[in-house]
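See below for the structure under consideration.
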Ligand SMILES: [Zn+2]
């Protein structure tokens, strides 16, 4: 194409995947290590594989998957389809959205959970032991809000979100008309009615195919905070805010609240990764 845009058969797809919003995952025991975790990471890998198959069948040429949960080494690489690459491990700049930039045509956010305090399954914002609330330009957001805003600030439309029903509802609040797959519905923070992994994968594969094949663009309906960007983070304890307040360009608004303003959302996002690391390193 002479306009420099990718032909649709050359679509480049960026995928970020978390674990809490994968079908069948309901308990903290499935999230970190042990037999239940090994089973959960297989389901996570299967959902990613389904999304990749769907995207590739609609003509995606390049697919990169960012492993975005805990140690970020969850995906079983040998179980993923050929022709893709995986971003694995941490720390990495932009964390859950490592390597997002204007070079992608669209993004998928898979395995998502709702924000802290929302009542969704396994809901939290980055770390339940560190953060009670995050606001971006005055709006309360969780990981979904931050990730969608960052992708869209890079002109990369988010075209598919999967996760529990609360996560999907949160995404739709931010971006009405977004394509979503709800794989389970919370009965409580650690119990849910869930699709089986096989059924979830079928639905995700179909949605991914449609997301790539559809040329319709609804991004204008998405919430997009404007420059300058202001991030307000409420930490669990004042000692965490003490430690974070030593970062340059931060402002202490209250004993537990740190505020930072930046012209570029990616810069603010990187600073937020540092805040999380610092706050997580102190004993509350
Ligand atoms: Zn996670």
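Glycine is treated like the rest: Cβ placed from N, Cα and C.
Worth saying up front: this structure is predicted, and the values here are computed from it rather than measured.
Here's what TrEMBL has on this protein:
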| type | residues | note |
| --- | --- | --- |
| ACT_SITE | 124 | active site, nucleophile |
| BINDING | 18, 20 | Zn(2+) 1 binding site |
| BINDING | 18, 69, 113, 143 | Zn(2+) 2 binding site |
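Feature annotations (TrEMBL) mapped to structure.
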{"residue": "18", "record": "Zn(2+) 1 binding site", "DSSP class": "coil"}
{"residue": "69", "record": "Zn(2+) 2 binding site", "DSSP class": "coil"}
{"residue": "113", "record": "Zn(2+) 2 binding site", "DSSP class": "coil"}
{"residue": "124", "record": "active site, nucleophile", "DSSP class": "coil"}
{"residue": "143", "record": "Zn(2+) 2 binding site", "DSSP class": "helix"}
Additional residues around Zn(2+) 2, ordered along the sequence, whose Cβ is within 8 Å of the centroid of 18, 69, 113, 143: 19, 20, 21, 68, 96, 111, 112, 163
CB contacts for residue 113 (Zn(2+) 2 binding site) [other CB atoms within 10 A, all chains]: 28
Residue 113 (Zn(2+) 2 binding site) to residue 20 (Zn(2+) 1 binding site) - Cα separation in whole Å: 6
Neighbourhood of ligand 1 - recorded positions from 113, 124, 143 with Cβ under 6 Å: none
Which of 69, 124, all recorded positions, has a Cβ with the fewest other Cβ atoms inside 10 Å: 124
Rounded Cα-Cα span from the residue listed as 'active site, nucleophile' to residue 143 (Zn(2+) 2 binding site), Å: 8
